Amino acid sequence: MVTKAKTARTPTVGFVSLGCPKATVDSERILTQLRAEGYGIVGSYDDADVVVVNTCGFIDAAVQESLEAIGEAIAENGKVIVTGCLGAKGELIREVHPKVLAVSGPHALDEVMEAVHGALPKPHDPFADLIPPGGIKLTPRHYAYLKISEGCNHRCSFCIIPSMRGDLVSRPIGEVMHEAEALVSAGVQELLVVSQDTSAYGVDVKYRPGFWGGRPVKTRMTELARALGSLGAWVRLHYVYPYPSVDDVIPLMADGVILPYLDIPFQHASPRILKLMKRPGAVEKTLDRIHAWRAAVPELTLRSTFIVGFPGETDPEFEELLDFLKHAQLDRVGCFKYSPIEGAVANELPDPVPEELKDERLERFMETQAEISAARLDAKIGRTIEVLVDEEDEVGTLARSHADAPEIDGVVYLEGVFGLKPGTRLTVKVDEADAHDLWATPV
């Protein structure tokens, strides 16, 4: 139990962060503000005067995980503030957990702080030097997510993000660059650019110029990527919608300004299914563009995600998807079974695919891609590549190459290599590979 003396000395907040990297950035902003106001951040329910839970509500499994996390926090602590995507469904949260102190939606910093102030009065004398230059981060010190916008203008039939996070709102480019500079100054070696639709950055403000370094810079993905690349850190683009404008960043990759890595969620390859999803459907043009990108940047890594078992997906259409994988030769791929999400338009589509068939298709999809990924990694044996050290374990050092985003891609194992600090960059020679990872030796 928290004593009055402890509360008077340093009010403490526990934090649970769930969901995607965009939610992680929201959590980091809340944590930074809490520290700026003098609150202590603790890692256990017992030590916390109040607990903030930043939720995810994108799919049913995420909703359930969030509700369970809220329930655990209530059981272990009792004073719980809920925010995040599931917070947009406040009635559901209060129905399941009526004891929560407050509920707010995503990117609701002011509302969260108001709720914290109501439950736990603001400390009298916070110190500015409690805040690291790059703010409070939930990631290791050597990499950080950089969120450049909120919301999305697309209305994909399987997605409810716009109803939770609203339409696209781009952050001012000067603000983004100042944050990036602070992160790099604090030791960050890799900036992972995230948003719901990175390639649409600036569309909402008609690409109007902002200011950074005393000069005007357009609020647009290409100009942002070029400016970020000038800071000296790795720059990795995530969640890039397959617009023609993607072609404009390929020269920056060829010139080494940003990493030769694109995370583009293609979702499917059947034109009919893509139309039902309300996604771009020119598959042949997509393959042509992939080949053109690789011709310009041979070391380009392509990551994508797909959905199998979408309502109405036939056997021939699933075979189209497998054929696309074989022609596209993507490096990293994630795949999900279609799951009905409350509020999604796709729920109303006819001919749902049976769960057993979804499972079978998912297995075949992953088997097909595993062979492709293994072959592409096997082709790297004997090459020298640059890696970034993440951590050390009892076997050696774990690092990542340009082709590996943290947590979702593979790693490069440096067995028997010790003493390298996280964030160190070095050149290694690839000795072995499997379908996911590489083994290498420092050069």
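Yeah, the Cβs are placed from backbone N, Cα and C, and that goes for glycine too.
The feature domain 'MTTase N-terminal' is assigned by Swiss-Prot to 11-121, with sequence analysis given as support. Annotated [4Fe-4S] cluster 1 binding site per Swiss-Prot: CYS20, CYS56, CYS85, in sequence order, evidence recorded as sequence analysis. Positions annotated as domain 'Radical SAM core' by Swiss-Prot, on the basis of sequence analysis: 138-375. Per Swiss-Prot, [4Fe-4S] cluster 2 binding site is recorded for CYS152, CYS156, CYS159. Marked as domain 'TRAM' by Swiss-Prot: 378-443.
Structure with Swiss-Prot features highlighted.
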{"residue": "CYS20", "record": "[4Fe-4S] cluster 1 binding site", "Cβ within 10 Å": "18"}
{"residue": "CYS56", "record": "[4Fe-4S] cluster 1 binding site", "Cβ within 10 Å": "22"}
{"residue": "CYS85", "record": "[4Fe-4S] cluster 1 binding site", "Cβ within 10 Å": "28"}
{"residue": "CYS152", "record": "[4Fe-4S] cluster 2 binding site", "Cβ within 10 Å": "22"}
{"residue": "CYS156", "record": "[4Fe-4S] cluster 2 binding site", "Cβ within 10 Å": "18"}
{"residue": "CYS159", "record": "[4Fe-4S] cluster 2 binding site", "Cβ within 10 Å": "23"}
- On the DSSP side of things, how many residues of the domain 'TRAM' (378-443) fall into helix, strand and coil, could you say? 1 helix, 33 strand, 32 coil
- Query: CYS159 ([4Fe-4S] cluster 2 binding site) to CYS85 ([4Fe-4S] cluster 1 binding site): how many Å between their Cα atoms?
  - Reply: 13
- Note on the structure: For CYS85 ([4Fe-4S] cluster 1 binding site), the three-state DSSP class is helix
- Sort CYS20 ([4Fe-4S] cluster 1 binding site) into helix, strand or coil using the DSSP assignment. coil
- the domain 'MTTase N-terminal' (11-121), counted residue by residue under DSSP: helix, strand, coil: 56 helix, 22 strand, 33 coil
- Query: What other residues of this chain sit with their CB within 8 A of the center of the CB atoms of CYS152, CYS156, CYS159, the recorded [4Fe-4S] cluster 2 site?
  - Reply: HIS154, ARG155, PHE158, ILE160, ILE161, PRO162, GLN196
- Which are the residues of the chain, CYS20, CYS56, CYS85 excluded, whose CB is within 8 A of where the CB atoms of the [4Fe-4S] cluster 1 site average out, their centroid? LEU18, GLY19, LYS22, ALA23, THR55, GLY57, PHE58, ALA62, GLY84, LEU86, PRO106
- Message: For the C-alpha pair, I'd like the distance in angstrom between CYS56 ([4Fe-4S] cluster 1 binding site) and CYS152 ([4Fe-4S] cluster 2 binding site), rounded off.
- Response: 16
- Rounded distance in angstrom between the Cα atoms of CYS152 ([4Fe-4S] cluster 2 binding site) and CYS85 ([4Fe-4S] cluster 1 binding site): 14
